[in-house]
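The active site, charge relay system annotation in TrEMBL covers Asp152, His222, Ser559. TrEMBL lists 33-117 with the feature domain 'Inhibitor I9'. Taken from TrEMBL, the feature domain 'Peptidase S8/S53' applies to 145-597. For 680-780, the entry in TrEMBL reads domain 'Subtilisin-like protease fibronectin type-III'. Annotation source TrEMBL lists region 'Disordered' at 205-228. Taken from TrEMBL, the feature signal peptide applies to 1-23.
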Amino acid sequence: MVNTGRFVILVLAYRFLVPILSAAEPDHAARESYVVYMGSPSSGGVSDPEAVRAGHLEMLSSVVASGEQGRAAPALTQSYHHAFEGFAAALTSSEAAALAGHERVVSVFKDRALQLHTTRSWDFLEVQSGLRSGRLGRRARASGDVIVGVIDTGVWPESPSFDDAGMPAVPPRWRGVCMEGPDFNKTSCNKKLIGARYYGVQPDSSSPAASSAGSPRDTVGHGTHTASTAGGAVVSGAGYYGLAGGDARGGAPGSRVAVYRACSMGGCASSAVLKAVDDAVGDGVDVVSISIGMGSAFQSDFLADPIALGALHAHARGVLVVCSGGNDGPGPYTVVNSAPWILTVAASSIDRSFQSDVVLGNGDVVKGVAINLSNQSLSGGKYPLVFGAQAAARYAPVAEASNCYPGSLDAEKVRGKIVVCVGTDPMVSRRVKKLVAEGSGARGLVLVDDAEKDVPFVAGGFAFSQVGIDAGAQILEYINATKNPTAVILPTEDVRDFKPAPVVASFSARGPGMAESVLKPDLMAPGVSILAATIPSADTEDVPPGKKPSAYAIKSGTSMACPHVAGAAAFVKSAHPGWTPSMIRSALMTTATTTNNLGKPVASSNGAAANGHDMGAGEVSPLRALSPGLVFDTTAHDYLRFLCYYGYKEQVVRKVAGGDAAGFSCPAGAPSPDLAAAAVNYPSISVPRLQRGGKPATVTRTAINVGATNATYAAAVEAPPGVKVSVKPDRLVFNKRWTTARYEVSFEVADGAAGVSKGYAHGAVTWSDGAHSVRTPFAVNVV
């Protein structure tokens with residue numbers, strides 16, 4: 001187990017010491033990359049990028065320390081001028097500090113490295129909606145005017161998922177480009193893949209296409225996978241070596257895709273990601289999908305977060321930004337990309353399981369999960385079975401050998417056998433255990449571990465199966481009771497209609513987010529074992545013997561969940577082109593489903609009922625989102641008020657907003673995290689502090705009728721034990737479409753509930769007119 005207390009101390013020490021050490025650096029210190037953020041242009045837009053760039057160069061030259069004759073001016077690496085203004089440059093700490101004090105600058109921060117965080121999934125979402133029909137496919141195919149921008153590792157344009165057969169001409173409003181490279185031509189783009197940019201990222205040296213430096217071409221596979229999930233064309237007969245077969249498609253297969261290669265295998269420069277968002281807005285995309293983020297332990301404030309900054313300005317210009325919530329779950333306070341203007345996505349399973357059973361020599365069959373393509377069972381025989389602890393190398397601790405720790409196994413005791421290892425050491429990943437066993441000459445590996453068992457490990461051609469603790473005890477008991485234990489690991493079977501589903505993935509990051517006054521994550525979408533397009537891999541670890549590289553791959557992560565929601569957003573946008581980004585987000589959230597395919601509440605990975613901090617509003621339901629009944633529109637001033645309540649000074653907020661700040665001033669009494677919950681007209685509610693015996697916490701929301709001309713909605717409350725929830729008024733009457741109604745939701749600890757538990761309690765307010773159910777979840781922290 002990780003020593004949490006020590007880890008926190010180290011993090012705090014790092015945050016405290018780095019600024020001190022940096023301040024002590026001499027002016028001649030080596031330069032590092034920094035981002036200089038200047039907020040919105042005061043004119044509301046920039047018409048001459050070259051003039052802006054010249055101004056940035058002039059600003060840079062002014063901060064070179066006097067007396068340094070002959071010293072080169074700081075190098076400008078990026079210039080932002082579409083959605084917002086700023087630049088990235090190589091600076092010393094003193095130069096960065098000088099720029100931070102400039103009257104036009106909002107913030108200066110180091111250019112951090114951000115990390116990269118389908119056949120069945122879309123069918124599953126359609127089934128879960130309860131509205132199964134051909135409607136989804138017909139409407140999605142008609143979404144040709146919607147453009148989805150994907151910021152990731154690039155694209156493999158030859159994939160069938162980016163075939164433009166039958167697509168109409170590219171919308172004339174598209175202003176983007178198809179950048180060329182040594183292995184990427186203008187003809188690589190078409191009427192489906194309409195744009196491609198790159199930002200000087202270097203491919204990993206182990207990549208099969210190292211020539212693609214300076215190219216939008218994907219050498220990792222991550223970007224191709226996410227782009228095809230969001231907006232890939234329909235491809236019949238897709239699959240992964242006989243598994244997950246069916247029609248692969250994106251959420252809006254008729255939409256256009258534009259890719260922005262800002263990442264490589266090693267991660268993503270935040271300056272490049274910020275530039276990609278700026279370019280995407282300038283190019284004319286409607287939805288941006290970003291499966292990238294920083295680690296949850298190192299989150300900073302919103303004005304030093306490149307994704308949050310880019311998303312804020314994109315949203316103000318009518319572009320919805322969808323981001324992955326991160327893979328640091330299942331602990332609380334791990335969700336990232338949690339700014340209120342970002343649509344933050346958690347990951348769930350679907351109704352498909354990849355089962356790889358273990359047959360013991362006594363005939364017992366032990367259920368296991370994995371994606372292995374071995375032919376071990378075809379020989380008709382069984383292999384000797386050994387526990388790792390019984391095959392420890394000389395001087396290796398037994399605990400390390402039982403965990404398949406590198407260097408811990410005696411190859412003579414393992415060669416030709418199936419080795420059984422446990423997962424009691426979280427520092428040794430499943431992939432490492434597999435490589436250790438394989439490198440020692442083992443014919444297969446059975447891993448006994450409940451952790452991550454919900455996410456099948458892709459083992460390629462090596463025989464691998466993961467079993468739970470109880471099943472593992474059965475296997476170990478058999479080994480101890482048998483003189484010559486044997487077993488065989490069966491190749492993976494694709495099990496459909498698996499129940500229960502969906503389940504919140506164990507890795508999916510949980511809330512609360514950085515600002516507890518906003519409930520995060522927002523939504524949940526399929527992110528476990530998702531089949532989508534990839535690059536032709538030259539990695540023999542992933543390709544079974546005698547097989548060619550697959551054009552499709554099975555991957556898991558919130559990275560896979562994010563483009564599902566981006567595709568769903570494009571689908572809704574195609575039906576409602578005039579809706580704002582927050583209206584589309586609202587439609588997706590208030591129509592999300594909270595029951596599984598057994599008709600019971602969606603569960604978290606630990607088996608308990610999932611709450612808002614696990615899954616947000618629930619599992620995305622694209623069909624339901626087409627007709628939400630009511631929507632909650634969030635204005636630019638809502639977000640500015642949120643920044644005030646969060647603690648930013650009015651002059652900083654106005655500088656961030658630029659021309660959007662006309663007539664704006666921070667509310668009296670700001671900052672106040674408790675009041676921030678009411679500042680944003682959000683389709684969910686989070687009350688960060690509800691005191692026993694204190695005043696009720698009251699939150700106001702305004703709904704817009706986008707349903708029937710004459711409609712009356714009645715409120716129903718799911719209140720947690722010990723918390724009294726009241727809605728005023730409890731009926732909303734609309735006489736025509738596009739009219740609004742305002743209501744209040746009040747929370748207080750109920751009388752006689754003095755013993756109510758401290759901490760977060762969850763519930764929901766649902767408005768219904770008989771045809772629509774508009775569910776807004778809430779979280780209340782009792783202190």
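Each Cβ is built from the backbone N, Cα and C atoms, and glycine gets one as well.
Worth saying up front: this structure is predicted, and the values here are computed from it rather than measured.
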Statement: All chains considered, the count of other Cβ atoms within 10 Å of the Cβ of His222 (active site, charge relay system) is 26
Query: With DSSP, how much of the domain 'Inhibitor I9' (33-117) is helix, how much strand and how much coil, in residues?
result: 21 helix, 24 strand, 40 coil
- prompt: Using DSSP, what's the helix, strand and coil tally for the domain 'Subtilisin-like protease fibronectin type-III' (680-780)?
  reply: 0 helix, 61 strand, 40 coil
Field: Per-residue pLDDT averaged over the domain 'Inhibitor I9' (33-117), given as an integer
entry: 82
